[in-house]
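Student: Provided herewith is a single structure, encoded as structure tokens, for subsequent inquiry.
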Amino acid sequence: MQDENGKAELGSPAVHSATTAQNSVHLNGYTVTENAHNSTATPSPQAECDSRAPSPVPAPVIIPREQWGGKYEFLLSCIGYCVGLGNVWRFPYLCYRNGGGVFLIPYFIMLFVTGVPLFLMELSLGQYGAAGPITVWKCCPLLKGIGIGMLCVSTLVCLYYNIIIAWTFYYLASSFQSPLPWSCDAVANVGLCGNATAGNGSTGHRLSPTEKFWNEQVLGVVNSEGLHDPGPVRWQLALCLLAAWVIIFLCILKGIRSSGKVVYVTATFPYVVLIVLIIRGATLEGSLQGIAFYLTPDWSRLANAQVWNDAASQVFYSLGIGVGGLLSMASYNKFDNNVIRDTLIITGGNCGTSFFAGFAIFSILGHMAWKKGVPVGEVADSGPGLAFVAYPEALALLPGSVFWSIMFFLMLFMLGVDTLFGNMEGITTAVLDEFPHLRANMLHKSLFLAALCFCFYLMGLLLVTNGGIYWFTLIDSFSTSFGLIIITLFMCIGISFFYGVNQFCQDIIDMICPCPGWCIKVLFYFKACWVFFTPFLLLFILTYIFIEMYNTSLHYGSYVYPRWGKALGVCMGATCCLQILIWAIVAISKETGTLKERFQKSIRPLNSWRVNNLNNINRVEERMEPERVEAPFTVTLTDMDFTAMNWEMGSQA
């Protein structure tokens, strides 16, 4: 450490190394070897003295990290990141696909035993380390591949997540028509709504105007035969996708300084619209039939590995665990932020939103089933487009449907943007921490972000073709499946057993010191989960998935995916989790000694791991110095210094 004048403080590593190492000091042609008790003079070959002082070694420039403008910005950003399309779009359709209410059982089990503990682990790791998903693994260099794997998962999620926002833009633009193009009042749908026998040839049930608009006007999936036949790019969706990426680029250009202000609107407005839809859905005829399907469990489905796989993936997908976004956002926190309190607030809000959004969806599905005279389980194709079929039909039934349609799809856009902020923040923070010069130069940072968004746009063009929905479903099914579970499993094991669960809990207590009594009690539960329950449950689910899941065919509607398509999805997931093994081998190969010694060195935290609190002014004195190399050095003194030393020795005599 250094004081204000640049001198080493007493007790710092610099002073310690200077007093313990034997260094050569030249006094007018003599070398004096100093120790704690005496000094001896020996002739030195260096007889000439240079009166010039040595040039100081420039200190490394530490680029300060940004911080949230206030604790509410971080809280709202995390709520907006977690409460997103996963609650309004993915959770209801997974319930729909897995037999209704029975899906809630594995969902809540996975939430309390894996979701909440891992959520706290990521927040605490990012806040204490003040680094992104790659650099933060200075705490255990062996597991750097976890950060790389998070980056791969986040890339896949960002690739297809913005497609949903593009669909939202398409519906938003279409909502400025009166009547709505998917309502029965539209001229093109008069014959369809009036003909009770009209149906979909592939599914055999009556075709609603919303289903026709979704499949024919938006997706164009009727013009594609499958994965092998993507067809041309749909230029309307391509323009919507371009607009989505331009908005994302502008919002993340200034980092959390800009996105932290946007969330005040995007994280709160969706709740207003959602409450209105729940109230309206409850007043519709047949809504109770849909609610009963939502809450009534089909116990036989619990033996299906797909149900547990979907529950685990939904917890990770909705909370954003294992993607790197949480870790990155927490790295901009103040060191003394109460992460336990934030974890309980965010996960509770996320779970409640998912549950109540299900009421809005299934009340509408019950009304659709009542109108068509079919069971709720057969009312619509289960898939990513469920919210784009059920919700638009609900909007068409509302008085002033045009206004509410605009509000609803604006809400969907805000939900998607919030979540994409977090995913993109995970990627950008990881890169900027590895290449800090980009953070210091605004032009270079802007060019990097522009190139990143443009690459995502080019790759996303495959997903806006006629057969793009097939590729969308493939990436969605495997990007947050077994690969993400393996990444979080190794993160949990690495922190608990390599870094040390007791040390990790102490780090949490140090951050929120003085730690309230209830926080310490809650930590006992989380410690038990991290050490025992969470890894064993993840391992059990993973084994169950590998044994049973691949016997179940992947399909979208009536289309069954070929083996090569399924194998491609497996490769996506395997690529993400194989990063752990690859970078572990790299870390061990960089060390010296026997294999055991290399392993022990690679799990030892770097000295720079605890240089983490430049954000916390009150704890600057606690930070450790970065790694230094101690080497012999020579100090050349002038005649005046030599005379002063003789005078001091004479006065002591």
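Cβ coordinates come from backbone N, Cα and C, glycine included.
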Student: Looking only at CYS158, CYS193, which is named in TrEMBL as the disulfide mate of CYS184?
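Tutor: So the cysteine paired with CYS184 in TrEMBL is CYS193.
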Student: Could you tell me which of these disulfide-bonded residues, CYS184, CYS193, has the greatest number of Cβ atoms within 10 Å of its own Cβ?
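Tutor: Its Cβ has the most other Cβ atoms within 10 Å: CYS184.
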Student: By CA distance, which of the binding-site residues (GLY80, VAL83, ASN350, LEU415, ASP418) lies nearest to CYS184 (disulfide bond)?
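Tutor: Checking each of GLY80, VAL83, ASN350, LEU415, ASP418 against CYS184 (disulfide bond), the shortest Cα distance is to LEU415.
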Student: Below 8 Å Cβ to Cβ and six or more residues apart, same chain only. Which residues does that give for VAL83 (Na(+) binding site)?
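Tutor: Expected: ALA267, PRO270, GLY349, ASN350, THR353, LEU415, ASP418.
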Student: Test of understanding: give the count of other CB atoms lying within 10 angstroms of the CB of LEU415 (Na(+) binding site).
Tutor: 28
Student: About how far apart, in whole Å, are the alpha carbons (Cα) of ASN87 (Na(+) binding site) and CYS193 (disulfide bond)?
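Tutor: Cα to Cα, ASN87 (Na(+) binding site) and CYS193 (disulfide bond) are separated by 31 Å.
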Student: Mark yes when the transmembrane segment (344-370) and the transmembrane segment (146-173) have three or more Cβ pairs under 8 Å (sequence separation 6 or more) and no when they do not.
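Tutor: Result for the transmembrane segment (146-173) with the transmembrane segment (344-370) is no.
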Student: Are the transmembrane segment (522-547) and the transmembrane segment (268-295) close enough that 3 or more Cβ pairs fall under 8 Å, when only pairs 6 or more apart in sequence count?
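Tutor: No, the transmembrane segment (268-295) and the transmembrane segment (522-547) are not in contact.
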Student: Please identify the stretch among 104-125, 235-256, 315-332, 344-370, 390-415 with the greatest number of Cβ pairs below 8 Å relative to the transmembrane segment (74-92).
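Tutor: Answer is 344-370, with the largest number of Cβ pairs below 8 Å.
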Student: Is the transmembrane segment (447-472) packed against any residues at least 6 beyond its ends, judged by a Cβ distance under 8 Å, and which are they?
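Tutor: Distant contacts of the transmembrane segment (447-472): 158-160, 162-163, 166, 219-221, 223-227, 229-234, 237-238, 241-242, 245-246, 248-249, 252-253, 383-385, 424, 427-428, 431, 438, 556, 559, 561, 565.
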